[in-house]
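Positions annotated as Mg(2+) binding site by TrEMBL: Glu76, Asp92, Leu94, Asp95, Asp219.
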Amino acid sequence: MSEADLPRSAAGGDALEIARHCARVARDIIRAAASHAEVTGVKGRGNVVTATDLAVERAVMAILSEHFPGHAILSEETASATTLDGWTWVIDPLDGTKNFSRGIAHFAFTLALCLDGEPVLGLTTHPLLGLEVVAIAGGGCTVDGRRAALRPCPTVADAVVAMDLGYDAERARRQLELAAYLWPRMQSLRIPGSAALGFAGLAAGWWDVYLHSDLQPWDLAAGLLIVREAGGVVLTRDGTPAALTSRAVIAGTGTAVRDALSRAGELPVT
């Protein structure tokens, strides 16, 4: 698929450009609020919502509804779509809200356009750094407009590994066991606090392997496509390709990911 093959908006607009417009709107809202984040709700232990999450979601959903009235929208805070059939926009308006709420400058806006549950367009941006990572199914991946490919990384011994734990305590415990097993065999370990940046960071060259134990579709949709189009793999605990509904994944350069799986056994139960 090329950019020209993506659906056009009701006014004939380009889907990628509209996605970028959404990202710019999100960036402006997030930047304006970054120094005074207001927590407005708690969804669970460590899982907060800010006024900024909701403001970005409202603005982006309005843009997408105007330009693509026939498309469904699945967003973290309102989850309007109940299935992933047909054309569906999948949004996380502010991924890494806990970081944002504490003044830690590591969070993202991410969205993907999916067709019958398969992402065909993915975009993740870091609103403060200005980082933009884009992927189109069959069209490759770019980081800040430049063609991107994952760094060569033959084994875990060569890898900077990143991971996030999610909110499920048992899944987190099992992933911590995995990290402890891999720790003597890796270069270093990072915890981004944002799944969107976990996946985008692979394309940007920040790390070589990324693990997450408790994902939702809005965490994974853009990242799944970004990693694959940058030449990497996203696998489940049994080494099969991840889907949009996968909960626990390991992503990165194929050789390093498979080396990690062979050394550490299975990922947390999906």
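Backbone N, Cα and C atoms are what each Cβ position is placed from, and that goes for glycine too.
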Do any residues at least six apart in sequence from Leu94 (Mg(2+) binding site), in the same chain, have a Cβ closer than 8 Å to its Cβ, and if so which, in order?
-> Ala26, Ile30, Thr50, Thr52, Asp53, Val56, Phe100, Phe107, Ala108, Phe109
State the count of C-beta atoms found within 10 angstroms of the C-beta of Asp92 (Mg(2+) binding site), not counting that atom itself.
-> 31
Using a 10 Å radius around each Cβ and counting other Cβ atoms from all shown chains, which of the binding-site residues Glu76, Asp95 yields the largest count?
-> Asp95
Taking the Cβ of Asp219 (Mg(2+) binding site) as centre, how many other Cβ atoms lie within 10 Å?
-> 25
DSSP-derived structure type at Leu94 (Mg(2+) binding site), helix or strand or else coil = strand
